[in-house]
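Chemist: One structure follows; several queries about it will come next.
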Amino acid sequence: MSQCIDGFKHVCSSFFRCFDIDIYKQSGGLGDPELLARETVFSVSEIEALYELFKKISSAVIDDGLINKEEFQLALFKTNKKESLFADRVFDLFDTKHNGILGFEEFARALSVFHPNAPIEDKIDFSFQLYDLKQQGFIERQEVKQMVVATLAESGMNLSDEIIESIIDKTFEEADTKHDGRIDKEEWRTLVLRHPSLLKNMTLQYLKDITTTFPSFVFHSQVEDT
């Protein structure tokens, strides 16, 4: 059991590690940084630093002050390939207005979840939504398999179908305490609290130091300095 849970931890770690890489005009541009600071865990100065990063990313392909999916994928995943379940899912969770683009407020609010000071419950909720592909309020076995396969593809890892199935079997054996073939939010919460390493890459330490680290870092080299 412990080996299989370790396997699931490794997959989750690879999943969230895509965030752990150099991460750092909607209409109205910056807007009200004090309001955003009150509604996120960022300070006003951190919001202002994030905005400088946002401007850089949003001008990588089309200089329109908004981040489209191609710019998002270039920045976050170092690829602009059209088919990527993993990238699509992350973008969809950032895109709370569901209009196919990210404004600065969406960008800042989503990254707030990854701040070291963000509440653990916010991190649990975000990670749960990543796997809840059908947005039904629970995670089915096939959803876990889809995301595991997508994550492995993004990270260049190769595991046999037998190993993947074994990881999923043992994960559900531990997490699905109601024995209904799915993992609801409370079961997910219990699982990740029992295995905190599942969430370790939901925290980006350098977001706490963004005012001193930006602009010395950017997502990837594709986002050129102007």
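For all residues, glycine too, the Cβ spot is worked out from N, Cα and C.
Got these off Swiss-Prot a minute ago, pasting:
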type	residues	note
DOMAIN	36-81	domain 'EF-hand 1'
DOMAIN	82-117	domain 'EF-hand 2'
DOMAIN	119-154	domain 'EF-hand 3'
DOMAIN	163-198	domain 'EF-hand 4'
MOD_RES	Ser216	phosphoserine
SITE	Ser155	site 'Involved in dimerization'
Chemist: I'd like the number of other C-beta atoms within 10 A of the C-beta of Ser155 (site 'Involved in dimerization'), please.
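Modeler: Excluding its own Cβ, Ser155 (site 'Involved in dimerization') sees 16 Cβ atoms within 10 Å.
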Chemist: Work out, from DSSP, the number of helix, strand and coil residues along the domain 'EF-hand 1' (36-81).
Modeler: 28 helix, 2 strand, 16 coil
Chemist: State the residues, same chain only, that lie 6 or more residues beyond the ends of the domain 'EF-hand 3' (119-154) and have a CB under 8 A from a CB inside it; answer 'none' if no residue qualifies.
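Modeler: For the domain 'EF-hand 3' (119-154), the far contacts come to 11-12, 14-16, 18, 77, 84-87, 89-90, 93, 112-113, 164-165, 167-168, 171-172, 181-185, 188-189, 192-193, 198-199, 202-203.
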Chemist: When DSSP states are folded down to helix, strand and coil, where does Ser155 (site 'Involved in dimerization') land?
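Modeler: It is helical.
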Chemist: What average pLDDT does the predicted model assign to the domain 'EF-hand 2' (82-117)?
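Modeler: Averaging the confidence scores along the domain 'EF-hand 2' (82-117) gives 88.
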